[in-house]
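J.: Here's a structure for you.
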Amino acid sequence: MATPAWPPVPRPETVVARTLLLGWVFAQVAGATGTTDTVAAYNLTWKSTNFKTILEWQPKPINHVYTVQISTKSGDWKNKCFHITDTECDLTDEIVKDVNQTYLARVLSYPAGDVGSAGSAAEPLFVNSPEFTPYLDTNLGQPTIKSFEQVQTKLNVTVQDARTLVRINDTFLSLRDIFGKDLIYTLYYWRASSTGKKTAKTNTNEFSIDVDKGENYCFNVQAVIPSRKANPKSVESTIECTSPKKGDFREMFFIIGAVVFVVIILVIILAVSLHKCGKARVGRSWKETSPLNVA
């Protein structure tokens, strides 16, 4: 009778090697899972117009959340937008406290499971934003033309200052309040029948320029801060056009009205005179036809 063949018994060193290999594989899988769950933010960008300021970044989170912090150069970090799944955070309420200050923000990445915990075993991934100084870096918003009028050879234009979220004593400031004489407006104007543009500038909000009588003019304005190296100009306002004939009609109306008024006065005077003359004639006729008194 043949002796049965038993399966070979692995040698001790082989068992150890296999165990180590299996452990290494599990470790790699676990490590890979951890790195895909939490991803560092990138492409941090400040989006700011008239001091309304939002920090944006990428990517859209899958298994993690973000917290945003902001600080001045003194390093006084403040938490904003806790554990969010958005990729933007409104930081306006912080930067309007001092628009001349320089700010730095950072975005921290947390695993989604750590949202309810006070902390985690490992430091969160974070990325710093570029520096941001509101006074120098906020974009100037598109200006608005408040009113305009063309009278004879003068074109008068008034620009409406945009309101901001910067406050002093609960009063919201305008761009002019903040920038003062640093802010100028450029007026681009041209005949409606022409493409050649002319320019005028003012460090107030009002223009009064010479134009040709009887010509229609089109124009728009642009806000500018000449002292800036970056973002010195706003988008140009919408185009407006005048209609000086309306002014001519109005002037003609006043002239006609004055002439009519004078004519009415003359008619009244003439009527009164004729009435008096008529009464005088009647009086004379009555005297001539009445009998003489006999003594």
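Using N, Cα and C of the backbone, Cβ positions are placed for all residues, glycine too.
Copied straight from TrEMBL:
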DOMAIN    18-113  domain 'Fibronectin type-III'
DISULFID  CYS81-CYS89  disulfide bond
DISULFID  CYS218-CYS241  disulfide bond
TRANSMEM  252-274  transmembrane segment
LIPID     CYS277  S-palmitoyl cysteine
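If you look at the structure here, what lies around each of the features I listed?
T.: Sequence-distant neighbours of CYS81 (disulfide bond) (same chain, 6+ residues apart, CB-CB distance under 8 A): TYR66, THR67, VAL68, CYS89, ASP90.
Remark: CYS218 (disulfide bond) has TYR189, TRP190, ARG191, ALA192, ILE239, GLU240, CYS241, THR242 as non-local neighbours, by Cβ distance under 8 Å and separation of at least 6 in sequence.
Long-range Cβ proximity for CYS277 (S-palmitoyl cysteine), meaning a same-chain Cβ under 8 A and a gap of 6 or more residues, is found for none.
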J.: Given a 10 Å Cβ-Cβ cut-off, pick out the one of the disulfide-bonded residues CYS89, CYS241 that has the most other Cβ atoms nearby.
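T.: Most Cβ neighbours within 10 Å: CYS89.
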